[in-house]
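Taken straight from TrEMBL:
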type: DOMAIN; residues: 37-286; note: domain 'G-protein coupled receptors family 1 profile'
type: TRANSMEM; residues: 20-45; note: transmembrane segment
type: TRANSMEM; residues: 57-78; note: transmembrane segment
type: TRANSMEM; residues: 98-116; note: transmembrane segment
type: TRANSMEM; residues: 136-158; note: transmembrane segment
type: TRANSMEM; residues: 193-219; note: transmembrane segment
type: TRANSMEM; residues: 240-258; note: transmembrane segment
type: TRANSMEM; residues: 270-288; note: transmembrane segment
Amino acid sequence: NHTRVTEFILVAFKSHPGSHLLLSVLFSAIYVVTVAGNACMILIIRRDSKLHTPMYFFLENLSILDICYSSVITPKAALTLSGSQRRISYNACASQMFFFSLFGTTEAFLLAAMAYDRFIAICYPLLYQLIMTKRLCVLMVLGSYLSGCINCTIQTSFTFSLDFCGPNQVNHFFCDVPAVMHVSCSDTFTNEIVMRAACGLIIVVTGSVVFLSYGYIIITVAQMPSAESRHKAFSTCSSHMLAVSLFFGTVFFTYAQPEATSSPDRSNTISVFYTIVTPMLNPFIYTLQNKEVKGYLKKQLQR
């Protein structure tokens, strides 16, 4: 006979228990900065008519995603690390996993759409307005969310179809798929295969679009005769490449490697980057490398 688990205990960082309170304060501060930074980005894009272009349409959606993505993880992680609320109910854990997978997968596809947008803008500038229509941009965003819905449904349903009969300690600061699978008393071999197959497919598809797009962009920029044109094109894309590298690099390390489920301790620190740090950095990365946004901010400050 098995006793069904009704709640889980989030252990967070097992190897650094003394730093939990400090991390809790740090996570709380990062969350405030994340929400404020991305909200400002959305406000700037909506208020300045010059920014009503496909690139900024994708940036606005990225900021909305980052607020949602961070809100699913960071507040609960801060409470867990403070020691005040380490327990999470079975249903709340499933909900957190569902929305984390939804927003995370959607962000991967949205970053691929943004890379394609920059590819068309730099490699085919004369056809940009014809190709990147408002309808196509909306379809690309909707397609990103649809991909997120499919993946989060697969990951959550497969994970919570397992039996959980104790122990109920999840070695993570949120209900991530590998960490929750690790505490199941069922055979998780099939689930691990499904997780790696789904995550691998997402990384291969989105990563291929991203790196092929930026590969062609680098070749095109290098062939530009004017140094000013090269600098302008590279400054626009360098911010995108930095954000993409941070996101895909850490996600690949966590989910695509065979030891993802067997060594959860090692992936906990890495997962901080794509769940908490990257959503905070995105608005600053794009703002600091963007003349239009900086121009709008300068104009508002002068007023």
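Numbering starts at 1 and runs along the chain as it is shown here.
Note that Cβ sites are derived from N, Cα and C of the backbone, with glycine treated the same way.
Any TrEMBL annotation is an automated prediction that lacks curation.
Taking residue pairs at least 6 apart in sequence, the transmembrane segment (57-78) and the transmembrane segment (136-158) share three or more C-beta contacts under 8 angstroms. A mean pLDDT of 88 is what the model gives for the domain 'G-protein coupled receptors family 1 profile' (37-286). The list of residues near the transmembrane segment (270-288) in space but at least 6 beyond its ends in sequence, with Cβ under 8 angstroms from a Cβ of it, reads 27, 30-31, 33-34, 37-38, 40-41, 59, 62-63, 66-67, 69-70, 73-74, 77, 100, 104, 172, 174, 176, 239-240, 242-243, 246-247, 250-251, 253-254, 294, 297. Taking Cβ pairs closer than 8 Å, the transmembrane segment (98-116) reaches residues 55, 58-59, 61-62, 65-66, 68-69, 72-73, 137, 140-141, 143-145, 147-149, 151-153, 155-156, 174-177, 202-203, 205-207, 209-210, 213-214, 240, 243-244, 247-248, 251, 274-275 in its own chain, all 6 or more past its ends.
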